[in-house]
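Undergrad: Okay, so Swiss-Prot annotates it like this:
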- HIS65: active site, charge relay system (ACT_SITE)
- ASP110: active site, charge relay system (ACT_SITE)
- SER204: active site, charge relay system (ACT_SITE)
- CYS31-CYS163: disulfide bond (DISULFID)
- CYS50-CYS66: disulfide bond (DISULFID)
- CYS98-CYS256: disulfide bond (DISULFID)
- CYS142-CYS210: disulfide bond (DISULFID)
- CYS174-CYS189: disulfide bond (DISULFID)
- CYS200-CYS225: disulfide bond (DISULFID)
- 25-249: domain 'Peptidase S1' (DOMAIN)
- ASN44: N-linked glycosylation site (CARBOHYD)
- 1-18: signal peptide (SIGNAL)
Amino acid sequence: MVLIRVLANLLILQLSYAQKSSELVVGGDECNINEHRSLVAIFNSTGFFCSGTLINQEWVVTAAHCDSNNFKMKFGAHSQKVLNEDEQIRNPKEKFICPNKKNNEVLDKDIMLIKLDSSVSNSEHIAPLSLPSSPPSVGSVCRIMGWGSITPTKVTYPDVPYCANINLLDDAECKPGYPELLPEYRTLCAGIVQGGKDTCGGDSGGPLICNGQFHGIVSYGAHPCGQSLKPGIYTTVFDYNDWIKSIIAGNTAATCPP
């Protein structure tokens, strides 16, 4: 079974496949408190349901399937029970999803750009992550992180974000596990071929960080999480660099690559 990585307590459309319910990092360890300064917690009145990535003081990138009404974003958070002094909360001022996205295909252009209602300040626990300067290389060791489930079957949400290292894999290693993947979906495949480390329910929208740059957005994967031969699927940020930069520059009519 394949699942979109959004919180399990949210309504998930019954499709032939679904995106990961806000998944937690399976097979990881508690993140160092200062290593996830760009990680954004997205929540509403029912609680946390997705993550995002701060790319500058006014903009956040997440997955399009994380779009929801009346959500807020928390910056600088670590423990959900103990506040950091520099935590900041913002509302979305504007949201941008690719105008040429095929709405009936959950994997197509799974990216959303959010303008904040006011800028956030850099601090000990808050800093933006750089957009990629070039495509990532197969074999790269990449970092995943999030407050998603840390167990693959029974949902177990941690108080703090978990992090893990995984490998960027060749598309050919993903195709057998995900025959529905098409080249036009512009995705990356990352994980451990033998399984054991993966994003999971609650991690949707969070970053895949390779060589210190923001290369992927948690989008899609298998359920249970962490299966062998079924790594996670991530939206390729590099392919949307021009769209992101155009929107930020004020060209709100910009379209995404086909």
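Every residue, even glycine, has its Cβ placed from backbone N, Cα and C.
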Undergrad: Work through the disulfide-bonded residues one by one (CYS66, CYS189, CYS200, CYS256) and point out the residue whose CB has the fewest other CB atoms within 10 angstroms.
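TA: Among the disulfide-bonded residues CYS66, CYS189, CYS200, CYS256, the lowest count of other Cβ atoms within 10 Å belongs to CYS256.
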Undergrad: What is the interatomic distance between the Cα atoms of CYS210 (disulfide bond) and HIS65 (active site, charge relay system), given in whole Å?
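TA: So the Cα of HIS65 (active site, charge relay system) lies 23 Å away from that of CYS210 (disulfide bond).
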Undergrad: In DSSP terms, helix, strand or coil for CYS66 (disulfide bond)?
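TA: Reduced to three states, the DSSP call for CYS66 (disulfide bond) is helix.
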Undergrad: Taking the Cβ of CYS142 (disulfide bond) as the reference point, list residues of the same chain whose Cβ is under 8 angstroms away and which are at least six residues distant in sequence.
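TA: Those within reach of CYS142 (disulfide bond), by Cβ under 8 Å and sequence separation of 6 or more, are PRO136, ASN165, ILE166, ASN167, LEU168, ALA190, LEU208, ILE209, CYS210, HIS215, GLY216.
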Undergrad: With CYS50 (disulfide bond) as the reference Cα, tell me which of the active-site residues HIS65, ASP110, SER204 is the closest one.
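TA: Nearest candidate: SER204.
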Undergrad: Distance between CYS98 (disulfide bond) and CYS163 (disulfide bond) at the Cα atoms, whole Å?
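TA: That separation, Cα to Cα, works out to 29 Å.
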Undergrad: Summarise the model confidence on the domain 'Peptidase S1' (25-249) as a single mean pLDDT, whole number.
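TA: On average, pLDDT over the domain 'Peptidase S1' (25-249) sits at 96.
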Undergrad: Round to the nearest Å and give the CA-to-CA distance linking CYS31 (disulfide bond) with SER204 (active site, charge relay system).
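TA: Each residue's Cα considered, CYS31 (disulfide bond) and SER204 (active site, charge relay system) end up 17 Å apart.
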Undergrad: Name the one residue among HIS65, ASP110, SER204 whose Cα is closest in three-dimensional space to that of CYS256 (disulfide bond); these are the active-site residues.
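TA: Nearest candidate: ASP110.
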Undergrad: Between SER204 (active site, charge relay system) and CYS66 (disulfide bond), how far is it from one CA atom to the other, in Å?
TA: 7
Undergrad: Reported as an integer number of Å, what is the Cα distance between the residue listed as 'N-linked glycosylation site' and HIS65 (active site, charge relay system)?
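TA: Cα to Cα, the residue listed as 'N-linked glycosylation site' and HIS65 (active site, charge relay system) are separated by 15 Å.
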Undergrad: How many whole Å apart are the CA atoms of CYS225 (disulfide bond) and ASP110 (active site, charge relay system)?
TA: 19
Undergrad: What does the structure give for the C-alpha distance between CYS163 (disulfide bond) and CYS174 (disulfide bond)? Integer Å is fine.
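TA: That separation, Cα to Cα, works out to 22 Å.
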Undergrad: What's the CA-CA gap between HIS65 (active site, charge relay system) and CYS189 (disulfide bond) in angstrom, rounded?
TA: 18
